[in-house]
Each structure stands twice: as C-alpha cells, then as structure tokens.
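Q: Take this structure, written in structure tokens, and hold onto it; I'll ask about it next.
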Amino acid sequence: MVYLLNVLPAVTSQIRLVNGNGRCSGRVEIYYSGQWGTVCDDSWDIKDAEVVCRQLGCESANQVLSKAHYGPGSGTIWLDDVACTGSEGYLTECLHRGFGIHDCSHAEDAGVVCSAAQIRLVNGFGRCSGRVEIYYSGQWGTVCDDDWDMNDAAVVCGQLGCGSTVGAPLAAHFGQGSEPTWLDNVKCSGSESHLSECSHRRFGVEDCNHGEDAGVFCLSGLTLKRPTLSKTPSHSAFSPGETVQFICSVSQRIAITANFDLYRGGSPILTQAVESTQTSETFTLSSLQSSHQGRYSCLQQITKNGQKMISSSSSNSMDITIVTLPKPQIYLRSATEVAWGKGVDIICSITTQHLHGTFSLQKTSASFRMDKTTSSNSVTFNIPKVDFSHEGSYRCQYQTRVSSRDFSSTQSYSVEFSVIVVLLQPNISLSAPNGWMVWGLQGPEVTRGHSFSITCSIQPQYPGGLFYLDFSGSNRTETTPAVNHSASFHFPVAEYKDQGNYSCSYGVNVSTRSFRSTKTELLTVSIRASIVPIIASGAIGGLLLLLLLLIPCLVWRKRNSREQSIMRNPRETAIHMNTYGNTVGEASEEDYEEDYINAETFVNKSKDEDLKKGCHAGMNAPGSMNKCGNNQAAMSINKYGNTVGAASEEDDEEEYVNAEIFVNKSKDEDMKKGCHASMNAPGAMNKCGNNQGEGPEAAAMSINKYGNTVGAASEEDDEEEYVNAEIFVNKSKDEDMKKGCHASMNAPGAMNKCGNNQGEGPEAGEEDEDIYENPDTFTGMDDAEDMYDEDN
C-alpha cells in the first residue's frame with residue numbers, strides 16, 4: 001500500500017514524554033494548536049526516537065515503544081506515519097501525514113526511552129559551581145553565554161541536584177573550555193528539569209567562542225571565603241567629629257552579586273552590594289560620636305529576593321574608642337582675694353573613664369602654666385607665695401593618651417582671684433622723759449613746756465614703709481620712715497596746741513603698689529600747766545617778803561649796836577670814811593672778820609697799787625687821811641672803813657702782804673664750802689652769791705657775786721676775782737651826780753643817801769674828786785648791805 005505523505009513546514013513545538021521515569025522516558029506528546037496530543041506508532045522507529053530525545057535534551061534513544069506502552073493518551077492524535085532521518089532538531093520537522101490526519105486510536109500511542117544527557121560544572125568551588133559542560137553524542141562540550149541568565153543557571157543547579165542557584169557568571173568566569181560548543185541562545189523559564197529541555201538553537205548550532213563560556217553557582221556546597229577587616233587611619237582612638245573607614249575585603253570571591261555587611265557589636269549597621277569582580281568594599285563612618293564606639297567586623301553574603309542564601313564567616317574584629325573628654329571643672333579653695341605672699345589652691349577635676357592624664361593650669365592672657373599628672377580625676381595646683389603677677393583668670397585643661405594618641409579636653413570655665421596686701425593695725429603709745437607725763441581719766445597728760453614722743457609700731461610684715469601720725473580735727477599729718485617697724489614723733493616742747501586726738505597708720509609700697517593700713521584707735525593727749533613757775537613765784541615772793549621784814553630789823557640792830565658803841569667809847573665810835581667813801585662805825589677786827597666771812601665782797605689792794613696811786617698810809621701826815629682813805633695817825637680809818645690804831649710802815653707793809661687779815665675769802669675756802677663760781681649750774685647763783693654764768697660762753701650782763709652787773713667770766717676770771725680787787729664796779733661821778741649822791745653835795749661830815757661823805761676839811765672836795773677819777777676806787781656798801789651779806 002502506498003501512502004501520500006504531506007510534508008509540512010517545520011513547526012517548532014513543544015514536546016514531552018509522559019508517564020515515564022523522568023523527563024527522558026514516556027509517552028510522546030506534542031503541543032499544537034493550543035493543546036497537547038499524541039503520536040501514532042505507525043512507522044515509529046529509532047530514528048524518530050532520536051529526534052525526540054535530542055529535542056528533549058536527553059541523550060540518545062535507547063528504546064522505541066508502541067501500542068501505548070506508557071498508557072493511552074487523550075485528545076487529538078496529532079501525527080501519524082512519522083518518518084525522520086534522525087538529524088532533525090524537532091519532531092515536527094520529520095515527514096508525516098499532517099497534523100490531525102491519522103487512522104489510529106490511542107491504543108497505538110508511541111513511546112520513547114532516552115538516556116539522560118549528562119551535565120557538569122568545571123573549575124568551580126566544588127561540583128555545584130563552575131563552567132557549564134554537556135555530554136552529547138559521546139563528547140563534552142560547552143554552553144555559550146548568549147542570553148544566559150539566572151533562570152538558565154537555576155535549571156542547571158536543579159538538574160545537578162545542587163539546590164538553588166546563586167549566580168550565572170559569564171565570559172568564561174571559570175576559565176575557557178574546549179570544542180565543541182553544544183548549545184547557544186539557551187532560554188529557560190526556570191521550571192525545566194534539564195537544560196536540554198530549554199529553548200536553544202539545537203545541539204552544535206552556535207556562533208560563539210570559548211571566551212563566552214557560561215558558568216553557574218549553585219547554593220549547595222558553596223563556601224564563601226572569610227573576609228578581612230582593616231581601617232584607616234590605623235589608630236583605634238578617635239575624637240568626636242572625626243572620620244574612620246573600614247575596608248572589608250576577600251582575596252577571591254565568586255563572580256556574582258554579593259553583599260558585604262559591616263557589623264558593630266554583632267549587629268549589622270551597613271550593607272554594600274558588590275559586583276562579581278569586586279573583592280572589597282569600604283564603609284565610611286564620619287562625624288564620629290560616642291555611640292560609634294565598639295567592636296567592628298564584616299562578612300560577605302548572597303541573598304535572593306531579600307533572603308540570605310549563603311554567607312561567609314565573620315572577619316577579624318577591630319575596636320575603636322571615641323575619646324570624649326568633657327569640659328573640666330575648676331574652683332578656688334581659698335577666697336577670691338588672696339593676701340600678698342600667701343598661698344592659693346586651685347582644684348581641677350574631670351568626669352571621664354580615661355584616667356592617668358595630665359591637668360594643665362593656664363593663666364588667661366599670660367604665659368603662666370602649671371602641669372600635673374595624676375591617676376585620679378582631680379588635682380590641686382598650689383601657688384605657695386602669690387604676688388601681683390599671679391592675679392587674674394585661670395582655666396583648666398585635661399590631656400590624656402589613648403592607644404598611642406594624645407587627646408585634650410576643651411578648657412574649663414575660668415576662675416579669678418586678686419592679690420591684696422593686708423596690713424595689720426599699728427600700735428600707738430606716748431612717752432615723756434623725767435616723768436613729765438601722768439595718766440588721767442581721758443588718757444596721758446603731759447606737762448606744758450616739757451617734751452614728749454608718740455611712737456607708732458607694727459608687727460613685722462614688710463620691710464621699710466612709712467608711719468603717718470594724724471592729728472584729728474586738723475589737716476596736720478606728719479610722716480616718718482619706719483625703722484625696725486616703728487617710728488617716733490618727737491614734740492620738744494609741749495604746748496596747748498599739741499593737745500588733742502592722735503592716730504597712727506602705716507603705709508608701704510609692695511611691688512609698685514601702695515597700701516595703707518587702718519588707723520589705730522585714737523590716743524587723747526592732754527597738756528596741763530606746769531607747777532614749777534607757780535612754786536618758783538611763790539618762793540620768790542616769800543623771799544622778798546622775808547627780806548622786807550628782815551632788812552629793817554638788821555638796820556635797826558646795826559644802828560642800835562653803833563649807838564651803844566659810841567656811848568662806850570666816843571673816840572672809837574667816831575664816824576670815819578673808808579677809802580671807798582662809805583661811812584662806817586668803828587669795829588674790831590673780829591667784827592669785821594665776821595661781817596665779811598659770808599659776804600666775800602672785799603679783796604685787799606696790794607701795796608704796790610697804793611704806792612703807785614699815792615695812797616699808801618706812810619705817805620700821809622700823822623693823823624691825816626689821804627685820798628685813798630688811808631691814815632697813818634692813831635685812830636685812823638683804814639682802807640676798809642674800819643677805825644684802827646696808828647700803825648707803822650711795817651704794819652702797813654703787812655697789810656699788803658698778808659691778804660688773809662681782810663674779810664676777803666680765798667678760793668680754797670670757797671671751794672671747800674661749795675661756793676666757788678665754777679661749781680654752779682650755768683646762770684645760777686650759789687649760796688655764797690657766786691655766779692658762773694651760763695657755760696663757757698656765758699652771756700654778757702650777768703650779775704656777779706657782789707650784785708654788780710658784769711660781763712661773762714670764765715673760770716680764769718673767777719680765779720681772778722679772789723686776787724684782783726678790781727672785781728668791784730666803780731660808781732662814776734656822773735652817775736652819782738645824776739642821783740644826787742656826790743659827796744660834794746653833802747653837808748660837811750654828813751653821809752648822803754648813797755653812803756658818800758664829803759668829809760670835814762676844806763680838802764674834802766678834792767679828795768672826793770679824786771675818788772671818782774681813781775679807777776681803783778670802789779663804791780662801798782652801807783651797813784645794811786654788809787649785814788645782809790653776813791646773813792647770806
């Protein structure tokens with residue numbers, strides 16, 4: 001029987017084997033016109049089975065089965081009387097009667113048993129990764145990477161039983177293979193069981209080279225290498241605000257998209273995806289804060305649809321420390337005012353875990369700096385002796401070293417102190433010599449006219465300085481430099497103007513600055529009147545009153561004695577004028593001696609002097625009186641006014657030689673009695689009436705011991721007083737005339753108020769005239785004066 005076969009254009013259709021032991025064995029079914037149908041076993045042979053196995057990507061056909069070996073199908077029988085040569089890529093390319101034209105039943109459905117095509121992955125990290133190779137027609141060949149993707153790789157991983165796919169590297173990632181290239185333009189949906197089931201250009205049909213060999217990473221058995229973590233900069237301690245970079249890297253990795261994850265303290269903080277050729281990733285942490293401190297690590301992992309599929313082990317770990325140093329605290333242990341020369345303590349502290357650091361104390365706007373290292377969180381800075389260079393503002397700063405790196409805190413707030421000079425309050429006191437000060441109810445009282453001193457003193461603090469004495473109620477202030485921390489203010493003569501309240505203060509310059517202490521308490525000084533003038537005035541008044549009472553008594557006694565003497569011996573009581581012009585009564589030598597012992601007023605005149613003047617008694621007529629008052633005759637008046645008997649020339653000679661017969665006292669006697677003038681206080685009169693004057697240069701016009709006004713005399717002059725009779729003051733004629741006392745103005749033989757007697761002869765006037773012309777003539781003292789001298 002001959003059948004006409006219709007040759008239809010090749011139709012690419014899907015084909016499958018049903019009810020067999022896998023995709024490469026079973027009933028043959030094709031998908032045409034939207035439905036699956038069977039193939040009739042008329043003329044079904046091995047060549048037909050080869051095309052079916054090739055189209056399915058299975059190895060060569062092992063068996064050709066008929067009579068519905070895998071069970072009858074259903075639906076349309078699409079092909080009948082198929083006649084293939086064995087070289088076709090698709091079953092529909094073979095000769096057949098046409099789609100749907102047949103004379104068969106489903107009991108004649110054809111079947112095939114194919115050997116499964118072998119597949120492998122080469123040069124990977126195990127059997128589940130590497131270059132894709134297929135064993136076909138007795139030879140291993142490669143697969144071209146045209147249109148190669150994760151779906152294609154998933155079919156390969158499924159076919160090999162390696163689980164899910166994780167990568168489909170291209171461009172001979174696992175190295176180039178060798179001829180032949182069996183497949184090209186493979187397009188799988190991902191649901192296929194074998195790669196040969198996917199759409200492709202048929203085995204051996206390709207336009208590729210081995211630089212385009214496709215590869216696969218399957219999950220099963222895949223191991224990711226452990227990455228290495230490093231950082232830059234390399235130190236582990238950082239200040240807030242700084243930046244650090246972590247680098248996670250592997251020496252070799254799969255050529256698929258993977259993730260590098262950065263972990264801190266076991267928790268991921270950053271993730272970066274890397275391409276297939278990238279072996280490292282850098283993680284940057286900027287503006288570091290204390291929250292960034294901790295332990296860091298990294299790993300690589302592969303995810304699919306957001307799910308982790310495989311990951312490496314964690315890298316090495318690295319710690320970083322964020323050194324956060326807060327602002328230190330600072331405070332003064334002492335007050336904000338510190339006494340010059342005293343010490344001051346400044347305490348700095350900080351709250352931090354980074355101990356074993358150094359505190360720095362710095363003065364604002366100055367080069368002053370002190371450093372102290374401590375293992376605690378505080379330190380005390382001591383400035384033992386402050387001066388003005390130390391006053392001002394101070395700040396603290398803390399420095400520490402962490403991981404071979406130095407860190408400094410910000411400066412603290414400032415504290416300020418000033419340096420002052422505290423002067424103690426001085427003391428004030430008053431002193432007066434010789435006890436001229438007493439304490440009254442209001443304080444010290446100083447006798448007027450006497451000296452006193454006010455002393456200001458202070459406890460030793462600073463050398464030098466000045467003391468100020470202030471007189472309250474006036475602008476009067478005196479200043480004296482301090483010597484041994486005290487000063488005295490001397491008042492040589494106390495007057496009522498010095499009376500008042502006084503206070504002291506102390507001032508000193510310390511390092512170009514002046515300071516003044518507080519004032520002392522007031523010292524009230526009173527000036528009281530001196531009682532010496534009152535006593536002296538009373539004494540003088542008493543003496544004068546005594547003299548006024550005594551003199552009349554003495555005068556009366558003397559006259560009474562004279563009258564009695566005249567009555568006893570008229571001859572001896574005659575009135576004679578002595579050589580000095582004084583009218584005196586007759587007296588014995590002993591009486592005159594007694595009169596002149598205390599008076600010490602008369603001194604003998606030498607014989608030579610009388611001879612020169614023509615006054616020697618031997619030169620007179622017997623019984624007559626010469627101009628000097630010397631009389632040679634019996635009962636004549638001698639030169640001292642005493643009536644004596646006649647004397648020979650030898651007697652007169654003896655008068656001139658022996659000075660001690662006269663009332664005059666020798667110097668030695670005066671010295672023995674304490675009366676010598678040199679023994680007096682300057683200007684004072686001793687009990688003998690001798691006056692020394694006021695020092696070696698006694699002022700002129702002093703009163704000598706006879707009551708006469710003389711110039712100043714030295715000790716030599718005083719010596720001369722006892723020898724030279726010229727110590728008496730003559731009364732000039734002119735002075736007597738003025739006073740009405742000249743002898744020529746008297747009645748003959750009468751005595752005037754000055755004690756001068758004119759005499760009883762016609763020559764009396766001439767003799768009186770000679771008395772005034774003779775410089776050796778001295779004014780006599782009347783009886784009252786002689787008696788006064790005798791009492792004193």
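Quick reminder: no glycine exception, Cβ is built from N, Cα and C everywhere.
Worth saying up front: this structure is predicted, and the values here are computed from it rather than measured.
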Q: For the disulfide involving CYS40, grab the partner from CYS104, CYS114, CYS128 as TrEMBL records it.
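A: Candidates were CYS104, CYS114, CYS128; TrEMBL matches CYS40 with CYS104.
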Q: Among the residue ranges 469-522, 739-792, I'd like the one that TrEMBL describes as region 'Disordered'.
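A: That would be 739-792, per the region 'Disordered' entry in TrEMBL.
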Q: With CYS114 as one half of a disulfide in TrEMBL, pick the other half from CYS53, CYS157, CYS162, CYS188.
A: CYS53
Q: State the disulphide partner of CYS94 as given in TrEMBL, choosing from CYS84, CYS128.
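A: Answer per the record: CYS84.
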Q: Between CYS104 (disulfide bond) and CYS157 (disulfide bond), how many Å separate their Cα atoms?
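A: For CYS104 (disulfide bond) versus CYS157 (disulfide bond), the Cα atoms are 41 Å apart.
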Q: I need the CA-to-CA distance for CYS84 (disulfide bond) versus CYS53 (disulfide bond), whole Å please.
A: 13
Q: Quick one: pull the CA-CA distance for CYS188 (disulfide bond) versus CYS40 (disulfide bond), whole Å only.
A: 29
Q: Could you check which of the disulfide-bonded residues (CYS40, CYS144, CYS157, CYS198) sits closest to CYS53 (disulfide bond), going Cα to Cα?
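A: That would be CYS198, the closest of CYS40, CYS144, CYS157, CYS198 to CYS53 (disulfide bond).
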Q: Compare the C-alpha of CYS94 (disulfide bond) with the C-alpha of each of the disulfide-bonded residues CYS40, CYS144, CYS198, and give the closest one.
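A: Result: the closest of the disulfide-bonded residues to CYS94 (disulfide bond) is CYS40.
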Q: Restricting to the domain 'Ig-like' (426-504), report the mean pLDDT as a whole number.
A: 91
Q: Taking the domain 'Ig-like' (227-321) as reference, which of 119-219, 328-414, 426-504 has the most Cβ pairs under 8 angstroms?
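A: Looking only at 119-219, 328-414, 426-504, the most contacts with the domain 'Ig-like' (227-321) come from 119-219.
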Q: Could you check which of the disulfide-bonded residues CYS40, CYS114, CYS144, CYS208 is the closest Cα neighbour of CYS157 (disulfide bond)?
A: CYS144
